[in-house]
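Undergrad: Take this structure first; my questions come after.
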Amino acid sequence: MSILEKITSSPSECAEHLTNKDSCLSKKIQKELTSFLQKKETLGCDSESCVITHPAVKAYAQQKGLDLSKELETRFKAPGPRNNTGLLTNFNIDETLQRWAIKYTKFFNCPFSMMDFERVHYKFNQVDMVKVYKGEELQYVEGKVVKRPCNTFGCVLNTDFSTGTGKHWVAIFVDMRGDCWSIEYFNSAGNAPPGPVIRWMERVKQQLLKIHHTVKTLAVTNIRHQRSQTECGPYSLFYIRARLDNVSYAHFISARITDEDMYKFRTHLFRIA
C-alpha cells in the first residue's frame, strides 16, 4: 500500500471539508460565473481556481459585488508549488494548516515558528497546551479567531533563526487522544531536536501532566527519509496530516518514506492555480 493511501487527502483542489467535490464553488458563485466556467479553456484555464483568479473574472466579480477571495480561502486548498519542487513558504504551510483545522474540528493549527522562539515573539512559545485542550486558547479558523477544545496540536518550525531566510522545516505534533498522550518532534532529515525544542517539549509535558496521568515526549528522528534539498516542507505537513488521520508515529520509525511520495503529496496539498 502506498503511504498516501493511509491518509484521507486527495488531489482534488477543493477544500477537504466540502462533501460535494463536483465543484469547489458555492452554488451562488457557480450561477454567477456560469458563462466563464463553461468557456474556461478560452481563458487559458483548466481549473475553477484558475477561472476565479483570472483578471477578467476578478473584474467582473468586483462589478457584481462577488467575494471571490472568500471562496478561495474557504472552499479551495491553499496556493502553493503543486506541480514543481519549489520550496514551501510559511504562508503555504500556515494556510494549509488553517484549512485542515476546518476539516478536523479538534485540531489546533499553530502558526509557523523560527527556532529562536524562546526570545522572539511567536505564538508557538506562548501556547498553553492545557488551554488548547480545554478550548481556552485562541486559534484562527475559517477567517475568524475562535476558541474550541482541541485534542491535537500541530506546528511547523524552521531550524533557522528569525534573522535568516530559512533552512529546514520540521514538525511538532501533540496528541491528546487516547490513554497515553504524546508530544512529538519529526525531522525528515533524521536529526535530533535542538535545545529549544527539547525545552519546549518538556515544558508542555509538565503542563499536560497536571490534567492527564501519562504524557511522553518522542523524537521521531531515527530514519533519514529525505534525500532531496526541497521536500522538508511537504514531509513536515505530511507527518501532521498522517497523525491527524491516526497513522501511528511508529510508521515513521519503521520504514522510509520517499521523496517521490512527497512529490505526489504536493498535489494533495495545493490547489491548481
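The backbone N, Cα and C atoms fix where each Cβ goes, and this holds for glycine too.
According to Swiss-Prot, the active site annotation covers H168, N187, on the basis of similarity to another entry. The active site, nucleophile annotation in Swiss-Prot covers C232. According to Swiss-Prot, the feature substrate binding site maps to Q226, an assignment based on sequence analysis.
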Undergrad: Which of these recorded positions has the least crowded Cβ, counting other Cβ atoms within 10 Å: N187, Q226?
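TA: Q226, out of the recorded positions N187, Q226, has the fewest neighbouring Cβ atoms within 10 Å.
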Undergrad: Go through the active-site residues H168, N187, C232 and tell me which ones have a CA within 10 A of the CA of Q226 (substrate binding site).
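TA: Among H168, N187, C232, the ones whose Cα sits within 10 Å of that of Q226 (substrate binding site) are N187, C232.
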Undergrad: Report, in whole Å, the straight Cα-to-Cα distance of H168 (active site) from C232 (active site, nucleophile).
TA: 6
Undergrad: Can you grab the distance from H168 (active site) over to N187 (active site)? Cα atoms, rounded to a whole Å.
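TA: Roughly 9 Å, rounded to the nearest whole number.
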